[in-house]
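Asker: Below you will find the structure I want to go over with you.
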Amino acid sequence: MAQKEGGRTVPCCSRPKVAALTAGTLLLLTAIGAASWAIVAVLLRSDQEPLYPVQVSSADARLMVFDKTEGTWRLLCSSRSNARVAGLSCVEMGFLRALTHSELDVRTAGANGTSGFFCVDEGRLPHTQRLLEVISVCDCPRGRFLATICQDCGRRKLPVDRIVGGRDTSLGRWPWQVSLRYDGAHLCGGSLLSGDWVLTAAHCFPERNRVLSRWRVFAGAVAQASPHGLQLAVQAVVYHGGYLPFRDPNSEENSNDIALVHLSSPLPLTEYIQPVCLPAAGQALVDGKICTVTGWGNTQYYGQQAGVLQEARVPIISNDVCNGADFYGNQIKPKMFCAGYPEGGIDACQGDSGGPFVCEDSISRTPRWRLCGIVSWGTGCALAQKPGVYTKVSDFREWIFQAIKTHSEASGMVTQL
């Protein structure tokens, strides 16, 4: 993940060969099957996990919104803005986009546990990122309501066993993980947001690595030498214009370490290739929560790359602790976070950069994996009181959606503030 050179902590890609996870106890969460609803809400359930009040039924794709005042779920009255409302709702829940939308009639489809309707203020709709800000209770005389299907994400398509100990991960366990290769060598990790967009770290693309024809994205395999993985060319790289080391090579500021890779053509989604979810709007990190980081990086600080994808479970550390004098001494900025163990021993390392830090949650009734962090930097690998540092993805939701919207036809290296 990072090197310490001349007293300065720098991203792992400052060296030509980089790759996955520090050796140590490796664990895997069990896969969870599909359930009836995709839910995100600001309610509290028995596990005290914050939820956001928007649901999409897997039965008939009806969109439902929770009425906090009445304690009931309401349908969303159909309008001329159905396409925009569907897109906004899916994005708010952490999906990349709405795939389709339609109208249903409550007289034929039934209320199915809902009570009444919300209507959208279409005049205010273009100026908000949150559905709750532009809806109010209404009668909806026609009784027609909105249904939508969001791009699926954050779910495995194969049953997987629980792994305890230091074994390699298995095919289909982390289907959003990709390898970014330059001249055929693994350089960084990345996470699929869709068939043609990958989220990774900006520092993977210094000046010396900007010939896009030499980049390939490798997906659908856990072994670097696998003949069964798919390799696709890169059309464009969109990096954050606020990543200071690209403007000043002497800068030690690692904020805004985020980039999007647009593939030349979409990857086919299979059991081994699937997108990960983004955090829902307003979803906060939970200090102490144990999540998973994956990659092909070095298994020791001065070790070799891992030939097979590795995984490690590490807890999120509060920024107050990580900014302490014994840790990183105020180097952790608001759009970063730390994860690891104070005693060290399990961490991301060189070559994991840009790869996923994912957390499973139940903010939808179908548990999903969300991309909460991007492997960014650190001091050494698995050192005591020097945990891995990650880009906080929740703080870049708007940047991600705007970059995809703006640069879908771009080619080459592109910057986006």
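Cβ coordinates are placed from backbone N, Cα and C, and glycine is handled just like the others.
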Asker: Could you pull the disulfide partner of CYS338 out of CYS322, CYS359, going by Swiss-Prot?
Answerer: CYS322
Asker: Check Swiss-Prot and name the cysteine among CYS77, CYS90, CYS204 that pairs with CYS150 in a disulfide.
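Answerer: Looking through CYS77, CYS90, CYS204, the record in Swiss-Prot gives CYS90 as the partner of CYS150.
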Asker: On a count of neighbouring CB atoms within 10 A, which of the disulfide-bonded residues CYS138, CYS338 is highest?
Answerer: CYS338
Asker: Between the disulfide-bonded residues CYS90, CYS138, CYS204, which lies closest to CYS359 (disulfide bond), Cα to Cα?
Answerer: CYS90
Asker: For the C-alpha pair, I'd like the distance in angstrom between CYS188 (disulfide bond) and CYS349 (disulfide bond), rounded off.
Answerer: 11
Asker: Rounded to a whole number, how many Å is the Cα of CYS322 (disulfide bond) away from the Cα of CYS77 (disulfide bond)?
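Answerer: Rounded to the nearest whole number, the Cα-Cα distance is 47 Å.
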Asker: If you compare CA-to-CA distances from CYS150 (disulfide bond) to each of the recorded positions ASN112, CYS138, CYS204, CYS349, CYS381, which comes out shortest?
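Answerer: Result: the closest of the recorded positions to CYS150 (disulfide bond) is ASN112.
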Asker: If H, G and I count as helix, E and B as strand, and all else as coil, what does DSSP give for CYS90 (disulfide bond)?
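Answerer: Where CYS90 (disulfide bond) sits, the three-state DSSP reduction gives helix.
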